[in-house]
Amino acid sequence: MNWTGLYTLLSGVNRHSTAIGRVWLSVIFIFRIMVLVVAAESVWGDEKSSFICNTLQPGCNSVCYDQFFPISHVRLWSLQLILVSTPALLVAMHVAHQQHIEKKMLRLEGHGDPLHLEEVKRHKVHISGTLWWTYVISVVFRLLFEAVFMYVFYLLYPGYAMVRLVKCDVYPCPNTVDCFVSRPTEKTVFTVFMLAASGICIILNVAEVVYLIIRACARRAQRRSNPPSRKGSGFGHRLSPEYKQNEINKLLSEQDGSLKDILRRSPGTGAGLAEKSDRCSAC
């Protein structure tokens, strides 16, 4: 499995994340993916071939292994990491869409040179507005995926300690046979480590949701106490609702002033326009 591509995609999200989000990404890639790739896959690499039962009945080893280990630990953790990391791509797509809109606005304003467009790509997007909702939803989905996989792991493998010996009486085994698990101590250590890392990620996700909500409430309270001025700088300001509303009001005022000048210069035309408007309103 190629984890480098996933890391490259999520590194772009890391630029626009909170401090807690950056810590979460470090835990994901250093304490989980690196351990999974470097150590855990080698420990579980020979799990099926080294699962030996004290019988020569054909097929008994396979059915006993499937009964006690329906899903490999490594494959379950790999699927968990992929699904947990996927919601962060929503933030990356939202940021890319927002930057595309900024570039489009710059071109319409006559600032479409490569220098300005590159500056839009480099600057950090603030987590506010619709991006705030996208970010919170992605964190909530991460939290749900972590909790669901922890519960699935508990259902599949009660307890965290890897057993050394299991007794199996599933057909086609002739009777109750003893089956031996390879490297039980190593597997127990890595299982505890991965479950602890998953628990840390759950705590980080909860803390990030609380932090985002508190910061959003603080910003709203600050806006009510100190209303923002009409002036602003930066590309992020150009996408704010206040900026858009100011631009619309400016265009409407300019059009209103132009219409008044036309009516003042040619009263006949103004009367005709008024008559047409009355007819339209009557219709």
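Glycine residues also receive a Cβ, built from the backbone N, Cα and C atoms like all the rest.
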From the candidates S50, S225, S229, S258, the one which Swiss-Prot records as phosphoserine: S258
Under Swiss-Prot's topological domain names, is P70 on the same membrane side as R219? no
Phosphoserine per Swiss-Prot (candidates: S49, S182, S277): S277
For the topological domain 'Extracellular' (154-191), DSSP counts of helix, strand and coil? 11 helix, 8 strand, 19 coil
Residues of the same chain, at least six outside the topological domain 'Extracellular' (154-191), with any C-beta under 8 angstroms of its C-beta? 35, 39-40, 43-44, 46-47, 50-55, 57-61, 63-65, 67-68, 70-71, 73, 76
What residues elsewhere in the chain lie close to the topological domain 'Extracellular' (46-75), defined as a C-beta under 8 angstroms and at least 6 residues from its ends? 36, 40, 156-157, 166, 168, 170-174, 177-183, 187, 190-191, 194
